[in-house]
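**Student:** My questions all concern the structure below.
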Amino acid sequence: MKLCQTLRNADRFRTVFDFGGREVAHWFPGHMAKGLKQMKANLKNVDCILEIHDARISFKTSHSELGFYFDLNKPHLLVLNKMDLADLSNKQKILKKLENDGVRNVLFTDCLKQRDDNVKKLVPLVMELIKTGDRFNREENRDYCLMVIGVPNVGKSSLINALRRTNVKKGRASRVGGEPGITKAVLTKIQVSERPLMYLLDTPGVLPPKIESVETGMKLALCGELNTELSWTIWWVKMLFVVFISRLPYSSLFGCFVCRYVEKYDLQEPSDDIQHVLKRIAVKLRKTQRVKAITGVGNITVTIPNYTAAAYNFIRAFRKGELGQVLLD
C-alpha cells in the first residue's frame, strides 16, 4: 500500500538537481598515471583483456584512457561484477545497450560468493575468444596471460581470488578492500587456472583525469569507486545523498528500494527535502552533536542532529545492498 502511494506521488519530486555551477571533484593520484603506463607497457604480453565494471553503473565505469587495447585487436571480455547489488530484472536491455556500443562479450559475476557458477564460465569463454583471434608474438607460448582493468573498487582483485579459488583451489593472491585504491601497481603474474595454464595481471584502478559530468562523479562516489574520504568535502557527501534520494523514486523499477529506505529509517514517505530526511535518519540512529549557540543572554550548548553522520550511514547502507538492488544507469 505504501509503495502504491509512493509511486502515485512521484511527480512531486524534482527530476533534476541544480548543482549551482559546481564541478565534480577529481581523483587521479600519481599511482594511477604510473599504473596506466605499466599497463600499456605490458600489453604486448597479454592475450586477452578483462574489463571489470560495477553492474549498478555498467555504462559509467569505463573511459577512453582504458580503450587502448582496441587499437591492438586484443580479445576483450566485459565482466559486470557485484551483480548481487544490481537490479537485473531487465538484463536483456542492458546487454542490448552494450551491444549497441560495440560490446558483445559480457559476463555477470558476484566474486565475493564462495561458489559462483558464472566465474566457472570465465576461463572457457576467454579461451574461445583467444582462439578466434591472433596471438601475434605470443603464438608459440603454451601459457595464456590476461590483464584485468577497470576503475577503483569494482572487484578486480576479488575476481582474481575467485578464479584461483574456483580453478586452482588456492587462497587469495591479491589484497581486497571496501575502499578504492588498494592495488597501486601492476603486479607479477598470478596463476588462475591449471588446464589451460593461465595467468592474470592485477592492475590498479584507474579513473580518467577529468570525469565527464557531476552526475557520473556522483554515481562513482555512491558506489565507492571515487575516494570521497581523500578529496571530497562534507558538502559533497551531503550532495551525494540529495541526488540519490531525489532521483530514484521516479520509476517502478526502484519500488523495492523506496520501501527499503523508507522502512529502514522510519520515514512516513520518500522525500527530497535533505534537511527533513537527514534529521529523521539522525533521530532514528541517535546521531547527535553538541554545539555552542550565541543568544542574547550569552552562549548556550544545544544538541542538534548530526547530518553528516546520517548521510554517511545512508551511503554505507546503499553500498552494502541493505537498501535493495538498484540500477543507476
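Please read every residue number as a count from 1 along the shown chain.
Any Cβ shown, glycine's included, is placed from N, Cα and C.
What you are looking at is a predicted structure, and each value in this text was computed from that prediction instead of being measured.
Just lifted these from TrEMBL, have a look:
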| type | residues | note |
| --- | --- | --- |
| BINDING | Asn81, Lys82, Met83, Asp84, Asn153, Val154, Gly155, Lys156, Ser157, Ser158, Gly205 | GTP binding site |
| DOMAIN | 147-215 | domain 'G' |
**Student:** Please work out the number of neighbouring Cβ atoms within 10 Å of the Cβ of Asn81 (GTP binding site), leaving out its own Cβ.
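**Tutor:** The Cβ of Asn81 (GTP binding site) has 28 Cβ neighbours within 10 Å.
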**Student:** On the Cα atoms of Asn81, Lys82, Met83, Asp84, Asn153, Val154, Gly155, Lys156, Ser157, Ser158, Gly205, which are listed as binding GTP, what is the maximum pairwise distance in Å?
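**Tutor:** Output for GTP binders Asn81, Lys82, Met83, Asp84, Asn153, Val154, Gly155, Lys156, Ser157, Ser158, Gly205: max Cα distance 21 Å.
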